Amino acid sequence: MELSTAKPRKMSRFVVLSLLFLLGLCHFSVGMTMKSNFIIHMAKSQMPEGFEDHIHWYDSSLRSVSGSAEMLYVYNNAVHGFAARLTAEEAESLQNQPGILSVLPEMKYELHTTRTPSFLGLDVSADYFPESNAMGDVIVGVLDTGVWPESKSFDDNGFGPIPASWKGECESGTNFTSKNCNKKLIGARYFAKGYESTLGPIDVSKESKSPRDDDGHGTHTSTTATGSVVQGASLLGYASGNARGMATHARVAVYKVCWVGGCFSSDILAGLDKAIDDNVNVLSLSLGGGNSDYYRDSIAIGAFAAMEKGILVSCSAGNAGPSPYSLSNVAPWITTVGAGTLDRDFPAYVSLGNGKNFSGVSLYKGDSSLSKMLPFVYAGNASNMTNGNLCMTGTLIPEEVKGKIVLCDRGINPRVQKGSVVKAAGGAGMVLANTAANGDELIADAHLIPATSVGQTTGEAIKKYLTSDPNPTATILFEGTKVGIKPSPVVAAFSSRGPNSITQEILKPDIIAPGVNILAGWTGAAGPTGLAEDDRHVEFNIISGTSMSCPHVSGLAALLKGAHPDWSPAAIRSALMTTAYTVYKKGGALQDVVTGKPSTPFDHGAGHVDPVAALNPGLVYDLKADDYLNFLCALNYTSIQINSVARRPFSCETSKKFSVADLNYPSFAVVFPEQMTASSGSGSSSIKHTRTLTNVGPAGTYKVNVISPSNSVKVVVEPETLAFTHMNEQKSYTVTFTAPSMPSTENVYARIEWSDGKHVVSSPVAISWT
């Protein structure tokens, strides 16, 4: 084809405007015809006469706005409704149909990526826990990336018949058959319709369209919760010993709802829907996303249905700490779990040419140390890029790093990928330095290159050496596994923090549990770093996140369910919360790794979980479904919004005064509006909370003690004594919080403890001003 060299003629203004108009129409048309996934919540009780069942009604409603749309899922348990792919115009039209409660767009959620049992006291306290035949009836459902069934942690040796209550299945698919399940791993399903309709068909050469876990995250969480005992477990020799889950005799069922492209709400709801129908007893979800009102939050809505059926739902709090208001999964019927550290570490020291040594951590497996001192360079000085200090792909100059140890700053790209970038550029090793965002928290990684991670303070000291010495050198010394680290636990820097951004009067997180450097089962399809170039195969991996702390609590909830089958989800959560500790055994308040100072209830909730104490809490704060619906009334939710959560009509009594402060929660978040205190004529203002305790132990008389380091807010409990004469007896009390008219500039924290001399039923108090 010959190119024309003639000059183009100028187009008239009319032609230009006409073209722009047509392009605008095209853009408008495309916008109106682009389809997205929506979840449609139906008022099932409003099904018109003439329909055989609700599915026909759902289909008819869909056909009324679209002749081509098909239902991706029909939901019967987690919600009443269906998922479909619609244009924005079709979704708006459907919203106006009779019987439609809401039409919500698909949301994408993300994963919140052997010593733990002994750290929690489970290894020496077996006599406190139910026999294996009682635990064998408890089923934990895990919604995650699937399962690697060949893991030794799913060994079913010694397990009896599958519980008669179980209604689930073991689905077949890519590289997975029903024979992969056994009497331990009793169910496995996968849900991908929402994912595929959004991102296209699954590439089975890259991930299995089946319950099989190609990622590792799901195998790690499920084995943390319920893994069988495996002797001689370790990651590349690190953390060697016996690996076991929290509830070794419980059964597990996995629901694969997360894929390479994320976890989509329509798939998550489908997993919840099936899990509820399958009759699991505990649900574990180590995933989350942005917060929204409860009637728009798919996880919150599905969790409400599970709670109503007696299923405890445990969710990760998120890894967006230490920023305030960073929590996920904050609905009061969800147990929200933050992360703390263990008393185990993996030291790897940086030795500098000036003779100074600095401690770090690493899971690198190779030579025990670098053979000699090597040239040392800061990545920011070995790059022409403004972000070269982060060691992102392609940012390092090979000539500047070859044969050297490189100091990289943490942030943006994965920690282990930074080492891979250094290696690709010819570097011999890496020191990974935290920035202010992570402080001095240390997380160990199985690097592909000799490397260690150091805290912010250490990183700054090393950078001073790099800038002051004309010929800086360094080496890295790997020390293996160390236990007995003090203080421990401390609240992890990444663990998301309160206050609760949806309902500030509900204190979240509820509790913290081990979530840093956790050893558990792993997939055979990916190396420990998850990087494509990592071809190492391991049976166990050590990773960190509230994704790891969540299944600890899920497994502990299974233990409590086995010991107390009649306890409600709220009672189990209450037992875990009111027996949690905030003081170390040898004294001193629980610490926050970010500040090095005592953590607060907005960081640790009720405290660090203590499973042995939780088995015998003495008293519990119980809740039923209608209590939560009254809570929604206190939030001024409309009947349609409440119906979206409750899946049934529910009207707030007009004659009744509803208060968030009356929800029988095991903790107290007291919020004084600034205008309330400023406008009070008496010089002070008061807020009253009401609580009811249920006796789940022997008869006893409990006396209250208020522990408050501050006198700025007066806390009065009435009555001060509660006498219980029989099991399941209930007694109520009120707490009045009185604050001065001048609002405080700092939050105030306290604890309310009830004790009969044998039990201590403790509740955290967080007081703030808005």
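A Cβ is built for glycine as well, from the same backbone N, Cα and C atoms used for every other residue.
Quantities reported herein were computed from a predicted structural model and do not represent experimental measurements.
Record features, source TrEMBL:
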ACT_SITE  Asp144  active site, charge relay system
ACT_SITE  His217  active site, charge relay system
ACT_SITE  Ser547  active site, charge relay system
DOMAIN    38-112  domain 'Inhibitor I9'
DOMAIN    137-585  domain 'Peptidase S8/S53'
DOMAIN    662-767  domain 'Subtilisin-like protease fibronectin type-III'
REGION    202-225  region 'Disordered'
Restricting to the domain 'Peptidase S8/S53' (137-585), what is the model's mean pLDDT?
95
Can you break down the domain 'Inhibitor I9' (38-112) into helix, strand and coil residue counts using DSSP?
21 helix, 27 strand, 27 coil
Roughly how many angstrom lie between the C-alpha atoms of Asp144 (active site, charge relay system) and Ser547 (active site, charge relay system)?
10
Residues in the domain 'Subtilisin-like protease fibronectin type-III' (662-767) per DSSP class, helix first, strand next, coil last, are 6 helix, 61 strand, 39 coil
Cβ neighbours within 10 Å, counted over all protein chains: which one of the active-site residues Asp144, His217, Ser547 has the most?
Ser547
Rounded to a whole number of Å, the separation of the Cα atoms of His217 (active site, charge relay system) and Ser547 (active site, charge relay system) comes to 8
